[in-house]
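As structure tokens, the structure follows; a few thoughts come after it.
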Amino acid sequence: MWWSVSFDEANIPAIAKYFNTKGRYEEVNPYLREDILAVNRSILQPPLDECQQIHLTAIIRHGTRYPTTKNIKEMQQLYNIVLHNASGEQSWLHELQTQWRMWYTEDMDGRLVQKGVDELKHLAVRLSKLFPSLISEEKLRGGFIKFITSSKHRCVNSTLSFKAGLTELWHIKDMEFDHAVNDALMRFFDKCTRFLEEVDNNPSAVTEVEKFKQGPEMRRVQQKIADILNVPYSSITYDVAEAAFYLCAYEFAIRSVKSPWCELFDEDDAKVIEYASDLREFWKRGYGHDINSKASCILFHDVFSRMDKTATQNKLGQQVTEAVTVQVGHADTLLPLLTLLGFFKDSEPLTSTNYAAQAHRSFRTTHMLPYAANLVLVLSDCGGGDLRLQPLLNEKPVTFPGLTNRSSMPLYRDVLEHYSDLLKGCDFETECQLFKQPAEV
């Protein structure tokens, strides 16, 4: 059956815990290696008999995908170097030169792989086990579970996979369930002019990233790879070194194999490449620039307006019309929202010169954003008019940063108070417009 999965830990590369946004969900939740449908219901606090769950929003990153065309071109460049220029006695190098074939083709371009299909099916089943009163056959058939997705094929196919997880679980064959494509919500970063101008298309916004790529830590990794392969230092650029790292990551994520490509790196090398990736995410999607997170205002308001509508319906004793909302997007959807909410903020920003000082940083995309990463917000009625909101990230309880009450299930009104400035302001149109300089008199 499609959910019986077991995994031999000997097949896991030692560097798998540094794969950043190319990592498997199982590295974040290792218990899933033994049982892919395992859930820990004890994380739902307080005890379920005290509270009735009335709404769940899940914002989910698509599942495992093929590399993008850009990555595949860089992998091809590396493969050509190994095939035609590298020399050495290592058995793994001989394997790469004689047995391994460059099977990634440019038309794969970020499409969802079978592993990604399975991830979303499994996630759907696990969430239905964690929240059986909300994610139920009755609610699905009744139209109380809504699906929203980015237009990208990997997201649409992830949405279809999540739905298939539920319909296969409940053997539903007599109904189909719609989803809405909404890029304004799930690809807000493409619609935010100020973000595009000031950050995404502006090389000066990521100078710290470029400095680190050319710095001593990264140079050491590149030179080490060149030495192992017996090729000139000039042939192993940052992009080529990253391509080797990604080949190890993709072979593992897609095919569950410990590839010979992984032999080019030890854990110290992997930490350096992970930091380079985290730097890029920090400056392009995270705390590096204010507009990175403000671009997600539209999604932030969408989530909280739905919670408010649920709270009102519940207070009036009406049926909650949207018990569950599943929203499928990208790492670039989730990270700005997590940043806006204040998660994973370190006391010092990530820079090109504080790699060693940031060894124990909170901002690690490996932990935050594996394939199928998810932020789940559950609203519960705990009696006496007390609504509580529990956030889960990748199926683990987290606490809203900066909230005085560090409970993993704070009062909803306290959460609203904590984010009151964002709820009153944080207008997407205002934040995302380019401010023109006043004309000189």
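In case you wondered, yes, glycine gets a Cβ from its N, Cα and C as well.
Just so you know, TrEMBL annotations are computer predictions that nobody has curated.
When other Cβ atoms within 10 Å of the Cβ of CYS51 (disulfide bond) are tallied across all protein chains shown, the result is 21. According to TrEMBL, the disulfide bond annotation covers CYS51-CYS382 (among others).
The Cβ of CYS248 (disulfide bond) lies under 8 Å from the Cβ of PRO13, ILE15, SER259, TRP261, CYS262, LEU264, PHE265, each on the same chain and at least six residues away in sequence. As annotated by TrEMBL, disulfide bond applies to CYS248-CYS262 (among others).
When the disulfide-bonded residues CYS262, CYS382 are compared by the number of other C-beta atoms lying within 10 angstroms of their own C-beta, CYS382 comes out lowest.
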